[in-house]
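Presented below is the structure to which this report refers.
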Amino acid sequence: MIQVLLVTICLAAFPYQGSSIILESGKVNDYEVVYPQRLAPLPEGAVQQKYEDTMQYEFKVNGEPVVLHLEKNKGLFSKDYSEIHYSPDGRRITTHPLVEDHCYYRGHIRNDADSTASISACHGLKGHFKLRGETYLIEPMKISNSEAHAVYKYENVEKEDEAHKMCGVTQNWESYEPIKKASQLIVSTEQQRYMEIVIVVDHSMVKKYNGDSDKIKAWVYEMINTITESYRYLYIDIILSGLEIWSEKDLINVETSAENTLKSFGEWRAKDLIHRISHDNAQLLTATDLDGPTIGLAYVASMCDPKRSVGIVQDHSSVNRLVAITLAHEMAHNLGVRHDEGSCSCGSGYTCIMSPVINPDAMKYFSDCSYIQCWDYIMKENPPCILNKPLRTDTVSTPVSGNELLEAGKDYDRDSSANPCYDAATCKLNQGAQCTAGPCCDQGRFKEEGTICRRARGDDLDDYCNGISADCPRNPYHA
């Protein structure tokens, strides 16, 4: 069974109106201070993990109590995940760290169907969550021997540079005939795609973070954890296959010209990286200040191409979420997604991921246009490298019902008496059961077609069950 840890956070919340504090994200005004405290012990007989599979935190935001439900992002790393760095004499050093018991979670706020969360629990709680349409950031405060955390909105982070930041991709690439109607595009979990990526960190990043490889790794892991949530809405799993750090020097000429650097990176990937690490896509993360307002660039409709399934991203913000959105943006170009135009929407008042101008208030959602363009490209071009499902890293042992593990040969990992869909002796689905859980699953049966499973955001339309899946398919139409 997925081990459940119920944690209540006792929060003394103190809004600091007009005051400021220096946090990892920068100088922050108007924040709340909270003190997490674990009150509930582990269930009797449960095995203690360093980081539990499931956690719940209760706290107040603006005086209102909320419950944050978190689940470990078990698909974050590939089974053969590797890390590479270089010695002073130029030797390549490859390691395969144990990543099963990592500390990166995704989740939601209870009783808020539109909420999301992306949290690192490595050293306190750090990340962001969306509550009632508003995005909040949370991170530990830099106070010795204290459990204090700050909760705040991005708008309260003082901006050092107000200049517009843009993707360097232009709209003049060769286009293909789009599908005529959104209703022609029907995507389900059976068509899920799997994108294994490698992040390459250049030497300017090493200098920026003072050679602290642990800090660089945490920064990258947090970014990937964020974008996995964004890509779930496109039915694409993002898996980190490798992280390469150019610890001593750059292996290509990293220029301020985004075009030249992208070309060099693609050529290097084709002749070097692709032969060492199994992956579908590579992204270069640099602290080099690219020319003009450009903070990212990628080839369009290039997935699986050895030289062109690449992008570059400038580490342009101290707010991890903003760099993560830029990364998600460039990767989407590789999947055939163009920049959003005026008619594209991801909810009333929201700026979507594929806006050509990287908006500080951007949500981590793709627009209806992006959804259609991505799957139009996948269906027409059928890039083969994203078809294979990576191996899972779950524990494998003799299947025993109710033993807290999801093992080979079992459909379920909890005491089956708690779920009418399962046979307690075999941990297999009962005859006639269609599903176990999901927004369109009710007592082991798919909900009827037309049942609302996700309420609209703003002017968007509701999402409806299709009668053939437990998942809630995204409505391709928009208001």
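Glycine too: its Cβ is placed from the backbone N, Cα and C atoms.
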Of the candidates CYS385, CYS421, CYS427, CYS435, the one sharing a disulfide with CYS304 in Swiss-Prot: CYS385
Of the candidates CYS453, CYS465, the one sharing a disulfide with CYS472 in Swiss-Prot: CYS453
Member of CYS369, CYS374, CYS465 annotated by Swiss-Prot as disulfide partner of CYS440: CYS465
According to Swiss-Prot, the disulfide-paired cysteine of CYS369 among CYS344, CYS346, CYS352, CYS374: CYS344
Listed in Swiss-Prot for the Ca(2+) site shared with ASP280, CYS385, ASN388, one of GLU155, GLU158, GLU196: GLU196
Nearest-integer angstrom distance between the alpha carbons (Cα) of ASP280 (Ca(2+) binding site) and CYS304 (disulfide bond): 6
Where CYS385 (Ca(2+) binding site) sits in the secondary structure, as DSSP reduces it to three classes: helix
Residue among the binding-site residues HIS329, HIS333, HIS339 whose Cβ has the most other Cβ atoms within 10 Å: HIS329
Residue pair HIS333 (Zn(2+) binding site), CYS304 (disulfide bond) - Cα distance, angstrom, rounded: 13
CYS440 (disulfide bond) versus CYS344 (disulfide bond) - Cα distance in angstrom: 27
